[in-house]
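Student: Following this message is one structure expressed as structure tokens.
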């Protein structure tokens, strides 16, 4: 019944609205800019935004592409006006938000704002529930072009489940914004309210519909705020991990948002700051800085304006880097770029320097060819033929762009196939096929050619559905060796339509079950869009 209801709801939504993915020109590349929340929280005002705009225009951030200035929570009064419209806090914004919008636009920025889908914002200010059309018109009248819609204080109504209530409200906002003469960029925070459950079915379900309604979605926990307790690096790694689980959703017009860049957080080393930026760029994620911009160091401005990495982030393919391999300390991520080159990012999660020798085949490249590898941090280049040898400091990320003799490479989608709930890797060798903790190595790295999955440990053999069992057999092109990857994260067999299932081989496909949702390498065709 759940699956039937969702199918009907999805079909109705597609008939009633124009999906954001069908209008990628609204936001053809991920947004870059500034938001006050992680650095200042509710301590925002006109002076902060004027000083931020002035500093970004002077220090090169605006010229580098950081052109959004977005207010977060607490900008409004605690009560609506007699006509039910929202009002800005005149103590914080004495000249008003229309004036502020005009000021930042005159400098070359665009203007964004925050609201909440519930009856109150997270900070206790008026939410938009019941006032959606009025608030949308108000924002447009003020010159707002971007709406971040949070999801605090959303309660089920009309017999809906919590997930259905969120879809109802965010779908309503999408219809309103899409019907405006100049639609606003729509940032959805709905998935974050389902991310920390042991049963991820509702989170997966919300992630299924947010690309239809908005241009980006905050999919998980908030990044650690400046005044917060705990490890800023650990917070970055939590959001990094969540982002690796949802690569299948991203494409031009919709972007997974792992939250703000925090370059002036006192708990981060320079390597950690650069990793944060470099990984987000590798993901083609939004690059929204939350920091005291006038106080950023020259070194911070230097890496934040790295032209090569910004070009990666803004690449028109918008392909998200995915895991080529993973072991106890090191993640290797790859993606293809629009110019035909291959991006390789190597993250050291461990607490000491490591060296890795990474075979080109792990990266989806041909070990018989020569490549030029450009280090995107310092611009140095080296020739690579058989493997990439790299030394990576603790919590650092090395990033390379591989090109062939004609500037392009013929990459094959290659990487781990992992269960996004357990984190375990599909593992195949002469001993059989199953799931195990990810430890790196050829038996956990798969080539995806068309509909076939082949482990690098046995490239002549294909993942095969033997009834409910999995095996490796010589590739013969029959239905039992054909697999299709779906937006739900299901990997479906061409033989009787069962789904890959951790712990059960192949089983009947359920509704967004933890055991049946998988991450695959970038470049694999995703059905269901």
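Every residue gets a Cβ built from N, Cα and C, even glycine.
Pulled from Swiss-Prot, these are the listed features:
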{"type": "ACT_SITE", "residues": "150", "note": "active site, nucleophile"}
{"type": "ACT_SITE", "residues": "208", "note": "active site, proton donor"}
{"type": "DISULFID", "residues": "42-74", "note": "disulfide bond"}
{"type": "DISULFID", "residues": "122-152", "note": "disulfide bond"}
{"type": "DISULFID", "residues": "425-438", "note": "disulfide bond"}
{"type": "DISULFID", "residues": "462-475", "note": "disulfide bond"}
{"type": "DOMAIN", "residues": "408-528", "note": "domain 'Ricin B-type lectin'"}
{"type": "CARBOHYD", "residues": "45", "note": "N-linked glycosylation site"}
{"type": "CARBOHYD", "residues": "83", "note": "N-linked glycosylation site"}
{"type": "CARBOHYD", "residues": "89", "note": "N-linked glycosylation site"}
{"type": "CARBOHYD", "residues": "119", "note": "N-linked glycosylation site"}
{"type": "CARBOHYD", "residues": "199", "note": "N-linked glycosylation site"}
{"type": "CARBOHYD", "residues": "351", "note": "N-linked glycosylation site"}
{"type": "SIGNAL", "residues": "1-19", "note": "signal peptide"}
Student: Return the residues near residue 74 (disulfide bond), defined as same-chain residues 6+ apart in sequence whose C-beta is under 8 angstroms from its C-beta, sorted by sequence, else 'none'.
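Tutor: Sequence-distant Cβ neighbours: 41, 42, 44, 89, 121, 123, 125.
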Student: Taking DSSP states H, G and I as helix and E and B as strand, how many residues of the domain 'Ricin B-type lectin' (408-528) are helix, strand and coil?
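Tutor: Taking each residue of the domain 'Ricin B-type lectin' (408-528) in turn, the totals are 12 helix, 51 strand, 58 coil.
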Student: Among the glycosylation sites 83, 89, 199, 351, which residue has the largest number of other Cβ atoms within 10 Å of its own Cβ?
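Tutor: Checking each of 83, 89, 199, 351, the winner is 89.
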Student: Spatial neighbours of residue 119 (N-linked glycosylation site) among the recorded positions 152, 199, 351, defined as Cα within 10 A: which are they?
Tutor: 152
Student: By Cβ count within 10 Å, point out the most packed of the active-site residues listed: 150, 208.
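Tutor: Of the active-site residues 150, 208, the most buried by Cβ count within 10 Å is 150.
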Student: Work out how many Å separate residue 208 (active site, proton donor) and residue 425 (disulfide bond) at their Cα atoms, rounded off.
Tutor: 23
Student: Which three-state DSSP class does residue 351 (N-linked glycosylation site) fall into?
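Tutor: DSSP call for residue 351 (N-linked glycosylation site): coil, neither helix nor strand.
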Student: Please give the average pLDDT for the domain 'Ricin B-type lectin' (408-528) in this predicted model.
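Tutor: Its mean pLDDT is 96.
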